Every structure is written in structure tokens, then in C-alpha cells.
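Enquirer: Quick one: the structure is below, questions incoming.
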């Protein structure tokens, strides 16, 4: 029935495609139908997710189903008369980068299990930086060799080939990680794949944007060093922007009484995070890097200055927005295979690129894993940080490509642009279906341990703070709820609420905080001497102590400090 409705709607004024944008009423009609189609598909994807999870079906993930459903609907739209709705539901990189990607990146940083992440930080950074570079160069060289042979009349420059390599080096293992969650796979493997993926996207984006600056220019030996310099500067300035805005948010929550107004507090936290993304993009830096580290900083510091309601709201709002975006993206990708009519498909090039993507992932994972294992054996002689072969194989299998690559491909220009975009889209969908659809089976084949309990359940990390467990806190919450429901202020006659929220005490309290903060800064100034005189094995422990004893006292409320140093 839906098919009949769609065909009838598309047939209406099907000959008026050239008038697209000239009739506002007709444009609004088609926009409504396009959004309706996408929302129905999104609801269907979420209901599928509910069914799969409730029935504990692990053989296939709902994201793969979402891609197939998107492909079917995209095919229906393609064969129907008219192009207006077809153009509206096609993949647009602007929508992706400005609307769909930020919630996913923010939630990734905010939900990051920091103790596991930093415990495996060396391995994660190795795969994210060196691994992405190896993948991009390997893929770029293989693609360039193919174009040099001039099959299918495809001729590419070396910069175009490397840009293609950077585009298809962005991994997106959402499907794999979701299956890992359902199987409760070992946290070490989960953390390495998760950490690599979130940093890998940022590295791939910065690498692609760096290469685009050399498009059409003559390459020299020093171009390599120039490109590396631009990459490093862009990455670390973006990181600094994200961390700075996260720290500013933590201080804002500490020195204000926003916790009295949880709805305003939650809105400000969300907007501050998005500010880091768009400010960084506006400065020609990487918004993905900024937003990722802003989310990590918010969770590490600002989280403990939030009210209990703000903790709940930010956690689940970020998670809901990310899940909606992820499902929407998979549907979007499936539809785009048929709705983007200007793409140029070259079957042999697509096949060669798919093989090259697999080869580049192999050249990334296995040599680096062996190098890391050798380093860990020589350094400490134990097997705690050892990456077994089964984990290496799973890392290789988890390297499926995602929507970031498709969005980056929109930046291609020149006569090969449509071919490169089409190839990227097909390779992404193929890897999602092949690797994502067989992940559960690979876990069984590799005999990877499952049913492992997580160190910390993410839903239990929002614990009541000591002062929130008191009867006064319940009275305060009741007072605020009554205040929200009526215009009359409600005053609670309790010493706790008077000390914390009496406006007459704000100035003295702030002066005490500022004085205490100045003393903490003085302590921090001399603490770095210990770091540079400590051994390499003690530096990680020193950084942890420095964070808990110096940085957190500056950024966290004294009442929240004990809770904030538990992680």
C-alpha cells in the first residue's frame, strides 16, 4: 500500500521537475512526503531493533536490515516518475556533517569508558594514527596503480588516489560494537575497537582535508613534511579547542548555581559541546576532534558538577540523539545507492577498490599488532597488554567502512568525482553487509570469550552524591518542583539549602572558591617537576595522581570531589 501511495505522489506533477524550487507550495508538499518516508523507515528500523533485541537474535544486526530496507525504498523511488523527492532523499554531506554526525561523536566521547580507554591508550593511538596512515597510503597506492594501468578510462593523480585512501580509511564499526554489547565481549577488545574507530574518523577527516590543500599542485619531497605539519597542527589545535570548552563548562557549573535549574543546565551543556564542533570547523580545524575531546572532558570533569537531573538528561539525550542519527545514516546510505542519479559506476574499479580496502586493513592490523606485542614483551615481559591472534583477526574484521567516508567523498572535484563517490558508496555498503553481517559468526569461529561482565555498567555510574542522599536534598528537589509549577517562590527552612542557595551568601562563597583555586594553581606549578624526574613506568600513575590531587580540586566542587576521583 505504501508503494502505491509513493508512486501516485511521485507521478503527480512528475513533469515539473525543472520547476523545482519555483513553486513553494509544491516544494513544501514534496518535502513533507520525503520527511514522512524517512521517518516511517526510521520507526521501522527502531521497531526492528526492539524485535531483534527482545528475541535475542544475534545472527544479524538491525543496521544491516536498515541498509537493505533503505535500498528497497530507494529502488522504488528510482523507478517512480519524477525526480523531486528523489533529490530530497539523496545523501547530502552538509546534512551529515552538521546534523547527523555531531550527536554520534559527542555520545562516543561522553560514553567512553575512560579507565579502559586510557589503560589501552598506547594500542589505540597506534592503530588510530599509524594504522590509519598505513591504510590510507596502501589503499591510495593500489588505487593509483590501477588508474595508471588506465582500465575503464580512469586516470587519477596521486593526490586524488591518496584522498581516496583517506576517505576509505574511516572505519565505522557501529554494527560490530552493538553485537559486542549483546555478546558481552571482553572489554579490552571492545575498548580497542571503539577507541580506534572514534579517533580514526577524526584522523581520516583531517588527513583528507590536508590532502585537499595540495589538489592540483606539483608535489615535492618537502610536501610530505608540510602535509604532516599541517595535520599535526590541525589535530592538536582542534583537541585544545575541545578540551578548553569542556573545562570552561566545568568551571561554569562550579561557580554558578545552574544546578538549581536542571533544564537550563542541560541545554547549556549540550550547546557548549556543539559550540566546540562548529567553532572548530569555522576556524578550518577539525570539529570531530574538538567535539570528541570536549565530550571526554565533560564526562571527566563537568559531569561531577552537574545536578542529578542534568546527569540523567544529558546521558540519555546524548544517547537517544546518537541512536537516531546512526539508524538514519544506515537508511540514508541504502537509499543513496539508487537515489543519486549522477553517480558513475565502474564495476572493475569498485571490485579492485574493495580488495584494496581489505588489503590495506590487513597491512594495518597484523604488522602493528606484532610490533605492539614485541614492544610489550621487551618492556615488561608480561602478557597483560598482549594482543592474541583471535583479537587481531577480529580487529581486521571490524574494519568496515561507514558514512564518514561517503560524506568525505562529496568533497571530490574534477572529472573523476562522480566515479569516486559511487565507488566509495558501494564499498561502504558492501563492507557493512559482508563484515557487519558476519561478525557474530566470526566471534564463534575465533572462539573469543563472551559473557564477560563490564567493569562498570554505564547506567550505574550516575550515582547519588553524598549530599544528594540526604533528606535536605529531597526537600530541595520538592521545593524546586513546586517552584517550577507556580510563580510563587518556595522557601525551605533547612540549613543545607540556606548554605548552598541563599543569594546573600553567593559573593562570600565565590571569594572563598577563588582563593582556594589560586592555592591549587600554586600547587600545580611545582608538581610538574616530579613528572620529568619519574621513570616511564611511573608516569601514568603520576598523571592519575596529578589529575585527582591538582586538576580536579580546581574544577570540581568540594562536595563532588570524592565522587569525581572514584573513576
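Just so you know, glycine gets a Cβ as well, placed from its N, Cα and C.
Here's the feature list from Swiss-Prot:
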type     : residues : note
MOD_RES  : 515      : phosphoserine
TOPO_DOM : 1-31     : topological domain 'Lumenal'
TOPO_DOM : 53-64    : topological domain 'Cytoplasmic'
TOPO_DOM : 109-128  : topological domain 'Cytoplasmic'
TOPO_DOM : 150-159  : topological domain 'Lumenal'
TOPO_DOM : 181-188  : topological domain 'Cytoplasmic'
TOPO_DOM : 210-227  : topological domain 'Lumenal'
TOPO_DOM : 249-277  : topological domain 'Cytoplasmic'
TOPO_DOM : 299-315  : topological domain 'Lumenal'
TOPO_DOM : 339-347  : topological domain 'Cytoplasmic'
TOPO_DOM : 367-392  : topological domain 'Lumenal'
TOPO_DOM : 414-424  : topological domain 'Cytoplasmic'
TOPO_DOM : 446-567  : topological domain 'Lumenal'
TRANSMEM : 32-52    : transmembrane segment
TRANSMEM : 65-85    : transmembrane segment
TRANSMEM : 88-108   : transmembrane segment
TRANSMEM : 129-149  : transmembrane segment
TRANSMEM : 160-180  : transmembrane segment
TRANSMEM : 189-209  : transmembrane segment
TRANSMEM : 228-248  : transmembrane segment
TRANSMEM : 278-298  : transmembrane segment
TRANSMEM : 316-338  : transmembrane segment
TRANSMEM : 348-366  : transmembrane segment
TRANSMEM : 393-413  : transmembrane segment
TRANSMEM : 425-445  : transmembrane segment
Enquirer: What are the helix, strand and coil residue counts for the topological domain 'Lumenal' (299-315) according to DSSP?
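Expert: Secondary-structure breakdown of the topological domain 'Lumenal' (299-315): 14 helix, 0 strand, 3 coil.
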Enquirer: Within the topological domain 'Lumenal' (210-227), count helix residues (DSSP H, G, I), strand residues (E, B) and coil residues, in that order.
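Expert: Final tally across the stretch: 10 helix, 0 strand, 8 coil.
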Enquirer: Is it the case that the transmembrane segment (65-85) and the transmembrane segment (316-338) touch, counting contact as three or more CB pairs under 8 Å in which the residues of each pair are 6 or more positions apart?
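Expert: When sequence-distant Cβ pairs are counted, the transmembrane segment (316-338) touches the transmembrane segment (65-85), since at least 3 lie under 8 Å.
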Enquirer: Establish whether the number of Cβ pairs under 8 Å between the transmembrane segment (160-180) and the transmembrane segment (278-298) reaches at least three, counting only pairs separated by 6 or more residues.
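Expert: Touching, no - the transmembrane segment (160-180) and the transmembrane segment (278-298) miss the threshold of 3 or more Cβ pairs under 8 Å.
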Enquirer: Contact between the transmembrane segment (393-413) and the transmembrane segment (348-366) is defined here as three or more C-beta pairs under 8 Å separated by at least 6 residues; is that satisfied?
Expert: yes
Enquirer: When you check the transmembrane segment (189-209) against the transmembrane segment (393-413), do you get at least 3 Cβ pairs under 8 Å, counting only pairs 6 or more apart in sequence?
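Expert: Answer yes: the transmembrane segment (189-209) meets the transmembrane segment (393-413) with 3 or more Cβ pairs below 8 Å.
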Enquirer: Taking a Cβ cut-off under 8 Å, which residues six or more beyond the ends of the topological domain 'Lumenal' (150-159) line up next to it in the same chain?
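Expert: Distal contacts: 140, 143-144, 211, 214-217, 219, 346, 348-349, 416, 419.
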Enquirer: May I ask you to check whether the transmembrane segment (88-108) and the transmembrane segment (228-248) make contact, with contact taken as at least three Cβ pairs under 8 Å and only pairs 6 or more apart in sequence counted?
Expert: no
Enquirer: Cβ under 8 Å to the topological domain 'Cytoplasmic' (53-64), counting only same-chain residues 6 or more beyond its ends: which ones?
Expert: 45, 174-175, 178-179, 182-183, 326-327, 330, 432-433, 436-437, 439-441
Enquirer: Can you work out the mean pLDDT of the predicted model over the topological domain 'Lumenal' (367-392)?
Expert: 82
Enquirer: Against which stretches of its own chain does the topological domain 'Cytoplasmic' (249-277) lie, if we need a Cβ under 8 Å and a gap of at least six residues from its ends?
Expert: 102, 105-106, 241-242, 287-288, 290-291, 294-295, 297-298, 301-302, 305-307, 309-310, 313-314, 317-318, 480, 500-501, 506, 510, 513, 555-557
